[in-house]
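Scroll down for the structure; my scribbles are underneath it.
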């Protein structure tokens with residue numbers, strides 16, 4: 001059968017986590033709960049940073065942007081999956097799939113870049129504390145976020161436009177719970193060489209390079225902390241970056257594991273479960289990680305609670 005471009009009427013089938021009807025109510029309840037917790041938790045972080053003038057610092061400015069990105073990240077995939085479970089349908093239209101591609105890469109890339117920027121912020125705060133206010137001024141902080149958004153918008157648009165050039169034939173099954181880019185490439189009829197080349201370049205640029213920057217920052221941070229004479233001083237310095245390090249480990253450990261270790265043609269669900277970790281669990285845990293051991297955030301949340309109540 002000749003490859004035929006059917007993108008005007010094409011629908012994809014998302015296999016999700018289970019094809020057994022008895023599992024659907026449990027999955028619906030679980031992911032609905034995680035979605036609500038994620039949106040509310042990150043929204044509270046944004047509101048807390050906004051209303052408390054003591055939190056108008058670069059670190060919390062980056063954190064509020066990360067929370068906004070996490071809300072967008074989880075909203076790209078979970079609502080559609082919940083609708084499909086509720087309606088007992090596995091279909092997603094071609095337009096919806098391309099839209100998922102775009103926003104998933106946009107917010108996913110933004111998360112990566114913001115985590116890198118936050119690592120640099122912690123590096124300056126710990127390694128150059130006397131010059132922190134001069135280096136991390138509001139202009140530089142805003143510029144770093146603006147550049148991060150620009151890079152994310154640009155590469156997401158390029159990837160989506162390249163996907164629009166592909167043709168899809170009879171095999172419309174994507175073995176995932178959302179339109180995962182690399183899996184969609186495997187069912188395309190047309191040549192995907194350029195798409196794969198660009199995908200690997202982006203994995204390098206938005207994977208290894210930011211991770212190398214984060215790693216370098218923390219090597220310098222650890223070196224500076226070890227030179228602090230007092231135990232209390234070491235603990236205080238490490239506590240300021242412990243939350244960020246936890247999020248980085250969770251996000252990169254699962255995200256890179258999916259794209260580097262998994263076989264995209266495999267029917268194994270291990271990479272799908274790993275995808276849940278960085279697309280759902282990490283955005284859900286971020287507000288808890290950043291607030292449970294942060295006195296400033298706790299105080300701001302209490303103030304917010306009094307205002308709302």
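Including glycine, each Cβ sits where the backbone N, Cα and C put it.
TrEMBL lists 26-47 (among others) with the feature transmembrane segment.
Feature annotation from TrEMBL assigns domain 'G-protein coupled receptors family 1 profile' to 41-290. Per-residue pLDDT, averaged along the domain 'G-protein coupled receptors family 1 profile' (41-290), amounts to 85 for this model.
Long-range Cβ contacts of the transmembrane segment (59-78) within its own chain (Cβ-Cβ under 8 Å, at least 6 residues beyond either end) map to 31, 34-35, 38-39, 42-43, 45-46, 49-50, 100, 103-104, 106-108, 110-111, 114-115, 117-118, 121-122, 125, 141, 144-145, 177-178, 279-280, 282-284, 286-287, 290, 296. Summarising the annotation, TrEMBL assigns transmembrane segment to 59-78 (among others).
What TrEMBL lists as transmembrane segment is 98-120 (among others).
What TrEMBL records for 140-158 (among others) is transmembrane segment.
Non-local neighbours of the transmembrane segment (197-216) in the same chain are 109, 112-113, 115-116, 119-120, 155, 158-159, 162, 181-182, 185, 248, 252, 255-256, 259-260; each lies 6+ residues outside the stretch with a CB under 8 Å from one of its CB atoms. Marked as transmembrane segment by TrEMBL: 197-216 (among others).
Per TrEMBL, the feature transmembrane segment maps to 237-260 (among others).
The transmembrane segment feature in TrEMBL is assigned to 272-292 (among others). Residues 17, 31, 34-35, 37-38, 41-42, 44-45, 63, 66-67, 70-71, 73-74, 77-78, 104, 108, 175-178, 180, 243, 246-247, 250-251, 254-255, 257-258, 262, 298, 301 of the same chain lie 6+ residues outside the transmembrane segment (272-292) yet bring a C-beta within less than 8 angstroms of a C-beta in it.
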Beyond a gap of at least 6 residues from its ends, the CB atoms lying under 8 Å from the transmembrane segment (98-120) belong to 59, 62-63, 65-66, 69-70, 72-73, 76-77, 80, 92, 144-145, 148-149, 151-153, 155-157, 159-160, 163-164, 178-179, 181, 184, 206-207, 210, 213-214, 217-218, 244, 247-248, 251, 255, 279
The transmembrane segment (26-47): which same-chain residues, six or more beyond its ends, come within Cβ distance under 8 Å?
-> 16-18, 63-64, 67-68, 70-71, 74-75, 78-79, 81-82, 85-86, 280-281, 283-284, 286-288, 290-291, 297, 301, 304
Beyond the flanks of the transmembrane segment (140-158) by 6 or more, those residues with Cβ under 8 Å of it | 58, 61-62, 65, 101-103, 105-107, 109-110, 113-114, 117, 120, 198, 202, 206
